[in-house]
């Protein structure tokens, strides 16, 4: 306490903090980036293991042999789909009843906030068909789900055929202790969301649907199956759910174990697993897979029907059959045996999956990084903001100590001057206008789409995107808009107070985001922290302005899209990247209003106003 109460000692402490602040910030930022890059290397990456005792062994004998039956059902489904031009609900009902299931249907409809040009739909309606296999050895208190999504095309007919064949096989077994729901949804994720909301008797997205006539027990786990090709060379697993949620790691380990038992090639992010982790090549390949997972999780999109199940505390995976590795080829019997083994082990569960990790990163299917090992990466980046906030606070409260005096040598100190008044009233206008711009960015594009289409020759989706970009660019005029509000007698150190508020605001946002979605928090921190630390109204202002623009939320999204395509080995030209950026913006807004994805409101109401504060600091007069 004496160090803080003694003016001379406090002045010496302030000089020390100011002198070491810049090198400490640079060192902390470099440590955060280096820590993240090291996550794909042992010992930070660990081997996966099964934590749930009920699923610790694969000693079950898979007996599924309905490959020909599955292919026959797949052909019939595809033929009826082409004839009806939609999901053949009546045919599905007959097929499910023929294998002994309780069959029910559900109709739903949803008006999108603006037309989805990617799927060419606006007024969406459809029918879900599901059948329930009642457990012969227990009451209907718990259940498992096998779901197949069907979009506007008929590319998932193989999965429907396999679902019906598995239902017929499961119907002849007597060891089931949980109900099994076989669900076929229309309109992809919209049908899945409609069924889940009706099953749990909630309405969180404004979906109009008929009530379910039949229910099973509480859903313990779910598997979504997508077979978009007749030739399956590998099974790719998707784990990223809505707003970055992940399933329990034991569920992923269980599926991988049965793939290994059956000799199936299992991939993650479409990439083969590294075999040698002792050399540099294996971890480098794992780093590429880890970066792909980080980009997918940061988007907040549900990368499959399983992503919507996670919202209801149902552990789920999406399994996709892909045709990318010509040297491998598997039939529906092999895929069916793997699914049979997974469901038989899930049938043994006595409680929900909870013993393994819910927060992790995956450089490979056989390797994972736990939350305790990856959080220091974002912690080092946030430390930069803490050090910068401390420096600004010292400069504001120790009026005689500025950055130019921090490196002064020892000697008699001049008398301590009284702290200069900050003038907090001068900060109100930038703060209010920044938040107002963020609110306009969030509300006006969708509300004003009809006005834009009446005055300009654009479609509704284009009007939403163009309005959003116009409001975003208009924020660059914020310093000029606040000049008439800010008093001309504002103190010289007013920009320091504004930057201190902006730094604390940014640090709080990034901390909260990183705790729930590490990937999004890290990507935003690694891009925004350098600009936030360096921005000031004196010095090379054009350089600072360029850095701020390049690290803005929109530029971060654009750069992430280019990085994603590079990691997928499909690089884009500038024109292709811009078109993909516009489509991603429209899809992000649509998914927020349709499923509740939080990336758009986080950027519009949080990061964008905070970025405008730093822009205002740069042009402070």
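Cβ coordinates come from backbone N, Cα and C, glycine included.
Bear in mind that the values here come from a model prediction, so they are computed numbers and not experimental data.
Per TrEMBL, the feature transmembrane segment maps to 20-41 (among others).
What TrEMBL lists as transmembrane segment is 357-385 (among others).
Residues or ranges marked as transmembrane segment in TrEMBL: 422-444 (among others).
TrEMBL lists 456-478 (among others) with the feature transmembrane segment. Packing against the transmembrane segment (456-478) from elsewhere in the chain are residues 114-117, 430, 433-434, 437, 440-441, 444-446, 448-450, 554, 582, 585-586, 589, 608, 612, 615-616: each is 6 or more residues past its ends and has a CB under 8 Å from a CB in it.
Per TrEMBL, the feature transmembrane segment maps to 498-531 (among others).
Annotation comment: TrEMBL describes 543-564 (among others) as transmembrane segment.
Outside the transmembrane segment (598-620) by six or more residues, the chain places 243, 298-301, 430-431, 433-435, 437-439, 441-442, 472, 475-476, 478-480, 482, 494-495, 498-499, 501-502, 505-506, 509, 513, 520, 524, 528, 531-532, 535-537, 541, 544-545, 548, 552-553, 588-589, 591-592 with a CB less than 8 A from a CB of the stretch. Taken from TrEMBL, the feature transmembrane segment applies to 598-620 (among others).
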| Which stretch from 20-41, 357-385, 498-531, 543-564 shares the most C-beta pairs under 8 Å with the transmembrane segment (422-444)? | 498-531
| In terms of Cβ proximity under 8 Å, which residues at least six beyond the ends of the transmembrane segment (498-531) contact it? | 29, 32-33, 36, 243-244, 293-298, 300, 359, 361, 371, 374-375, 377-378, 381-382, 384-386, 388-389, 392-393, 396, 427, 430-431, 544, 547-548, 550-551, 553, 555-556, 559-560, 599, 602, 606-607, 610-611, 613-614, 616-617, 620
| message | What residues elsewhere in the chain lie close to the transmembrane segment (20-41), defined as a C-beta under 8 angstroms and at least 6 residues from its ends? | response | 283-284, 286-287, 290, 361, 363, 369, 373-374, 376-381, 383-384, 387-388, 390-391, 406, 522, 525-526, 529-530, 533
